[in-house]
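The block underneath contains the structure these notes are about, expressed in structure tokens.
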Amino acid sequence: MFVDEAEIILKGGRGGAGIVSFGKRMGSGPNGGNGGSGGNVHLVTDADLTLLNQFTAKSLFEAGDGHLGGRNRKTGKNGENLEIKVPIGTSVIDKKSLETLFEMKKVGQWELICVGGKGGRGNYEFKSPRRTAPEFAQPGLPGEIRELILILKLIADFGLIGLPNAGKSSLLNELTNARAKVADYAFTTLYPNLGVFKGKVIADIPGLIEGASFGRGLGISFLKHIEKVGTLLHCISSESKNPTKDYETFAKEMKSFNEKLTKKPEIILITKSDLTDAKALSIMKRKLKKYAPRIITVSIHDWDSIEELKNLISDKT
Ligand SMILES: Nc1nc2c(ncn2[C@@H]2O[C@H](COP(=O)(O)OP(=O)(O)OP(=O)(O)O)[C@@H](O)[C@H]2O)c(=O)[nH]1
Ligand SMILES: [Mg+2]
């Protein structure tokens with residue numbers, strides 16, 4: 001399962017109560033201390049995470065409560081702060097206002113979400129010339145509560161996109177140490193896979209078909225994962241009967257999801273080139289020329305073509 005959206009509730013800890021206390025000797029004044037503050041809740045990025053699955057089993061997270069004040073004006077201990085780890089690429093949205101609060105983009109990013117409640121004041125603080133022996137103290141205040149929607153958009157340098165069965169996952173496996181499932185049928189890949197080649201992150205995006213924007217196939221929701229991809233590697237199989245139609249089908253669905261995606265730098269990869277002769281490949285190239293400034297032919301069975309693709313990936317910054 002690949003969870004890329006989650007709703008969570010975060011609560012700052014409650015402040016500890018102030019206490020009522022008096023010195024032991026006859027006539028000595030109040031000395032009840034203040035309660036400690038409730039703990040804060042932070043969101044932090046964790047580079048090892050690539051999913052939001054951790055939020056399916058549990059969605060309520062609370063920082064620690066502040067401790068009671070003590071005798072002799074001792075302030076109670078503050079509640080434990082809580083750090084919630086999220087993957088890089090998580091957008092944090094306030095559920096009530098639907099405002100985007102943060103984009104968790106950087107390694108080690110740390111954001112304060114809920115402030116813990118203040119501790120209550122102990123009776124010592126209420127002492128005054130007119131009220132020398134106050135018999136009351138304050139309770140602690142509740143911590144802030146926030147309901148958040150988390151949406152993960154993977155961040156990658158390159159995104160392999162295209163119709164089902166175009167050979168996207170095979171290329172990811174060839175270029176990186178990923179072990180994505182490969183099979184000779186549509187929709188083998190059900191959620192994005194990531195791999196790294198020479199420090200460049202490559203995302204393999206599930207295939208989509210005509211009508212995906214209306215929910216056909218796997219739909220288009222996973223196109224959100226190419227919003228933060230640098231360069232698109234648009235894969236079109238050399239087996240295609242109509243490569244321009246293949247290209248346009250994908251582009252149309254992408255545009256209906258988010259027009260900005262069609263403006264991203266794009267390289268067309270004519271895949272499975274071993275299955276077609278050189279003449280047919282050059283006709284395909286000519287037909288596709290109008291869509292992208294660079295078109296290369298690749299096959300997982302042609303070592304030179306994979307080398308060319310590797311050079312292209314490592315050169316491009
Ligand atoms: N002959 C040949 N077959 C290939 C090549 N690349 C992939 N294939 C085969 O094409 C089929 C589909 O490959 P995948 O990598 O699963 O394709 P995909 O684009 O990831 O497919 P989806 O995940 O369903 O969108 C598999 O049977 C692969 O073995 C290639 O360069 N040459
Ligand atoms: Mg695949």
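The backbone N, Cα and C atoms fix where each Cβ goes, and this holds for glycine too.
Caution: TrEMBL annotation is automatic and unverified by curators.
As recorded in TrEMBL, the features of this protein are as follows:
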BINDING   162-169, 187-191, 204-207, 271-274, 299-301  GTP binding site
BINDING   S169, T189  Mg(2+) binding site
DOMAIN    1-155  domain 'Obg'
DOMAIN    156-317  domain 'OBG-type G'
Annotated binding-site residues N165, K168, S169, Y191, K272, filtered by Cβ under 6 Å to ligand 1: N165, K168, S169, K272
Binding-site residues close to ligand 2 - of G162, N165, Y191, K272, S299, only those whose C-beta is under 6 Å away: none
Intrachain C-beta neighbours of T189 (Mg(2+) binding site), sequence separation six or more, cut-off 8 angstroms: K168, S169, A180, K181, D204, I205, P206, G207
Lowest local Cβ density among K168, K272, which the record lists as binding-site residues, within 10 Å: K272
For S299 (GTP binding site), the number of other Cβ atoms found within 10 Å of its own Cβ: 21
Chain-internal residues, separated by at least six, CB under 8 A from G162 (GTP binding site): K168, G207, H234, C235, I236, S237, D246, F250, T271
Least Cβ-crowded entry, counting other Cβ within 10 Å, from the binding-site residues listed as N165, S169, T188: T188
K168 (GTP binding site) - helix vs strand vs coil (DSSP): helix
Cβ neighbour count within 10 Å of P206 (GTP binding site): 26
